[in-house]
Amino acid sequence: MTIRTSIVPTPSLAGFTLPINAVAGALLGYLVGTAKGNPVLGAAAGAVFAALLALVILRFAPKRSLGRLAGAVITGVVGLALAGIAGLVFGALVGLVLSWLAYWLHTGDYRSNVPVYATSGDVLWSNTFRLICGLIFFFLIAPIAVVIPLSFNAENFFTFTPAMLALDPDGYSLKHYQDFMTNPDWLRPLKNSFIIAPFATIISVSLGTLAAIGLSQSHVPGRRAIMAILISPMIVPLIISATGMFFFYSGLGVFLEDTLHFSKDLSGYIKVILAHAVLGIPFVIITVTATLVGFDRSLTRAAANMGAGPVRTFFKVQMPLILPGVISGGLFAFITSFDEVVVVLFVGSAVQKTLPWQMFTGLREQISPTILAVATILVVISILLLTTLELLRRRSERLRGMSPS
Amino acid sequence: MKTTHLLLATSALAMSAGAASAVDLTFVSWGGAYQESQLKAYAEPYMAAHPDVNIIWDESSAEAVAKLRAMNEAGNLTWDLVDVTVSDSMRLCDEGLARPIDGATELAAAPDGTDADTDFGATRVNECFVPQIVYSTTWGYRTDLVGDTPPTSVCDVFDLAKYPGKRAMQKRPIDNVEWALYCDGVAKEDIYSVLSTDEGVARAFAKLDTIKDQVVWWTAGAETPQLLADGEVVMGSTFNGRLFSAIAEQNQPIGMLWDMQSYDIDGWIVPTGLSPEKEAIVMDFLMFATDTQRLADQAKYISYGPARASSAPLVGKHEALGIEMAPHMPTDPANATNVLHYDYTWWADHRDDIDAKFQAWLAQ
């Protein structure tokens, strides 16, 4: 790295670094100007400011960290003068970006990720490509990220209020979280989701794993046809499955209540759990089948050779090896049930109302930021769940002496 | 393994708790502030007096007709009392999915002894329908976006020169075609005779065409307050209670335009096919919840007018804000100077036809 940067000549300040910085400044200035009602003036001021800032820090601060700090402080003070506390924060961020850009260009770091023999066109394309990748990440994450600050809104609308934009503490509140934690309209669905999803997951994982193992045996007749039928709930449009399930499970419910004398609530839970298990099974089958491809069949023959029965072989030999597939299939099945709204609307009654159902009606009947608070909590739970899973996977790979792939 | 046991135990507990309580009733309503007002004014007092009754709410009134039909076909009735609009109650009553209710014996008389049917008067549009509230679909506007001359007539909605900007309108022909004809110069009493001709319908759509590219179409009552709060629209139609909530409870810069507000009625129906024990409890609740005092109590929580004549003098103050509720009722004389009485029998006959034309017009 050091060798490479040292052979890149320092680019021309007036012909390269300053113009590019001015363009970046013009873009940011255009955004600020649009918000303030004068985009042209904003763009011009932004261009001049960015070029001057780059010139000053490159001339007087050869050390990067110092220069970036200075850039952030200068722009932050300008922002503070223009728009108060929010301007300070936004300005400091803009200053960091602009000064980072100035050093990145000036020191020749922009060439560090391409071979030394690359032409200017190659370098331009390589960096444009990275920018496009960054934008794709931005478009994937932004809709989720924007929900999080809105959930701390002090008002009952999905709106960034002026107080929020000025970073005024009065514009923020935890009242929507409090509403979620105390309102029975939300607590009951939360409880229902945590009853229905684990049971549906247990059923889908058990049945799905068995089906996958059976279907991976070469001697099973009509394997492909059976597989296609089992994963059809994933392919058939959900609304069609749901309509069919409504009539099928209504009949089952009548049987459970009239013949077996189950209570109406219990039979309702059984119906929803079974319906969700059906939806989860395809995910388990697919992930477990994929894991079984890498499973060495001679291990089961070796176990049989040493006198272990099929059940013992399964639990002691096969299961531990395909466990990652089973767990990720189970995770998908859990999320399917936890996120599902169409089938439960058809099959369930109000007693079995789940969290997504409540969010759906909440969005339709009352646009309340409590939904955003719930969404934020669910996003955090998903991140924790996936992180835990990844850490467990790495740990098991370390224990088994495999290098993480 | 331990967690599985825990889960099994908790859910078994939850289920047995559900089974142990004497009666679970499922009431169907619209959610939001309206359902909250029913909970406070009717359900909580009733449950306090009858601890063995537990009421669960299902926010499915928007699909009431379709779901009741499906439940009836599948023999799987999970609803006990359903809040519907007048037009839905007429369909359900005609199809035999709602049970007729005798006003003389099954509903409470007014305190002065007037029987329920007389007290409800014109709001009790059919024998299955027990009215609760009179609400209206009317207009709200951003006070800071209309300059010094706020709109005073519904025809200002069609005046893009005076009030430039987007308008939010409900994605259905009802009310919109009436307003369009009225603002095209048709006298109020002639609206439905004009609409009965093809030229009349074309005339209404031609008037709507003048603002079509400035209209944001809404389907849920919560959308217009959200759009107004965002400043995305200058004015928008919605239910008057939603606007009251945005103005009085959320302090948004919104003004009310009551001109040509369109009245509608909301009420209960009892589905047919309930078990006799459940039906007895539901009818007992219904008699309690639609008496004179309870209907007046509901107005403490939401700005909808009680459907009984005898309830009007009892309307008091808002429970939390302490403001007098009568001036915020759609039925208040000051607000009701120019009202559109939407003709539900005319719409029952023409709805399918005009809906199809409206959808075709939207797609143009």
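Positions of Cβ are set from backbone N, Cα and C atoms, glycine also.
Bear in mind that TrEMBL entries carry predicted annotations, made automatically and left uncurated.
Keep in mind that what you see is a predicted model, and the values were worked out from it rather than measured.
Taken straight from TrEMBL:
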TRANSMEM  A:12-33  transmembrane segment
TRANSMEM  A:39-58  transmembrane segment
TRANSMEM  A:70-103  transmembrane segment
TRANSMEM  A:129-150  transmembrane segment
TRANSMEM  A:157-174  transmembrane segment
DOMAIN    A:190-389  domain 'ABC transmembrane type-1'
TRANSMEM  A:194-213  transmembrane segment
TRANSMEM  A:225-249  transmembrane segment
TRANSMEM  A:269-295  transmembrane segment
TRANSMEM  A:321-351  transmembrane segment
TRANSMEM  A:371-392  transmembrane segment
With Cβ distances under 8 Å as the criterion, find the stretch in A:12-33, A:39-58, A:157-174, A:269-295, A:321-351 that has the most pairs with the transmembrane segment (A:70-103).
-> A:39-58
Are the transmembrane segment (A:321-351) and the transmembrane segment (A:194-213) close enough that 3 or more Cβ pairs fall under 8 Å, when only pairs 6 or more apart in sequence count?
-> yes
Please work out whether the transmembrane segment (A:129-150) lies in contact with the transmembrane segment (A:371-392), by counting C-beta pairs under 8 angstroms that are 6 or more apart in sequence and asking whether there are at least 3.
-> yes
Given pairs 6 or more apart, does the transmembrane segment (A:321-351) have at least three Cβ pairs under 8 Å with the transmembrane segment (A:225-249)?
-> yes
